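Participant: Quick paste of what TrEMBL says about this protein:
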type     : residues : note
DOMAIN   : 17-203   : domain 'UmuC'
BINDING  : 21, 121  : Mg(2+) binding site
SITE     : 26       : site 'Substrate discrimination'
ACT_SITE : 122      : active site
């Protein structure tokens, strides 16, 4: 059967890309600073038993996650699901986490300045050209992992390959405190053996559709003609086919290369009602769209920012099927992100924001994007 692989762009396997992902970062920092918590189910959130049941989980360590506890959940769920003798709450300290993140970045900059920061605990590095010289990429990853552990007493996981998609899937595969190297001649077999739930960017809704098509693994994706995926998922299907065949041409964009346009506002009194928050987000999308049109730009990444009364800040982002500058499409992207974290309204929301990144002049055709429904 002709799978139409000639429709896919030519692969580029000469780059050396590392994806660094700290292991349960905020919780690990707290366990480092409080050794007595190392064998506890540690939840980074204010204790709801002391605040009338209010509070939202920022993150949880791996022991707590075994009990189904995770970020953005109401903190009271941890009380219900984790044995009392194991459970420990620690209020988040974002100033401390930023300081530790800065220290991690100092170590990364020993290798290269070509660093794309995703969050405080996650980054891509392009080490094709690096400051340490002609060392193997696995040596460079080992160096970072060892330095982070020796200097900061924190564990990290690394994915290493020739593009960002494979590096990301590799770091997830390695957790915790591991490394996964995916070589060009191993990529197709590695991807074939992964469940589609392991593919970065394929969210729950897309998984349901794929499984309905009897597509459950990377091998199933690879076996699909490109035209079938495009017919079902439009442009998103094209990028699924690219990624299933180990193709991802996105560059690692250093911070100074990245641009964003955004609108945010602090509220006093706080917001507690869903409809009010949704109306504000819609207004922000209109304002951001106006600015995009003014600058003749389009975006492929929409970011929601929300902060509660405890100054806990959460961000969610979504990659779009095609570049846009339309306020309706922006709002349609923001809305499911908001629904993921709307439980924060229970505690009161003091800040909302909408921003867009991955900006490009609208005359250019983007060829390196991938759709996700719950990024």
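All positions are counted from 1 along the displayed chain.
Backbone N, Cα and C atoms are what each Cβ position is placed from, and that goes for glycine too.
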Participant: When you measure from the Cβ of residue 122 (active site), how many other Cβ atoms are you left with inside 10 Å?
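Facilitator: There are 17 such Cβ atoms around residue 122 (active site).
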Participant: Expressed to the nearest Å, what is the distance separating residue 121 (Mg(2+) binding site) and residue 26 (site 'Substrate discrimination') at their Cα atoms?
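Facilitator: If we compare the Cα positions of residue 121 (Mg(2+) binding site) and residue 26 (site 'Substrate discrimination'), the gap is 9 Å.
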Participant: Quick one: pull the CA-CA distance for residue 26 (site 'Substrate discrimination') versus the residue listed as 'active site', whole Å only.
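Facilitator: Approximately 12 Å lies between the Cα of residue 26 (site 'Substrate discrimination') and that of the residue listed as 'active site'.
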Participant: Name, in the order they occur in the sequence, the residues of the same chain whose CB lies under 8 A from the CB of residue 21 (Mg(2+) binding site) and which sit 6 or more residues away.
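Facilitator: Result: 121, 122, 156, 157, 158, 159, 171, 172, 175.
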Participant: Return the count of C-beta atoms lying within 10 angstroms of the C-beta of residue 121 (Mg(2+) binding site), excluding that atom itself.
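Facilitator: Total other Cβ atoms inside 10 Å, all chains included: 22.
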Participant: Please give me the CB contact count at 10 A for residue 26 (site 'Substrate discrimination'), counting all chains in the structure.
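Facilitator: Residue 26 (site 'Substrate discrimination'): 24 neighbouring Cβ atoms within 10 Å.
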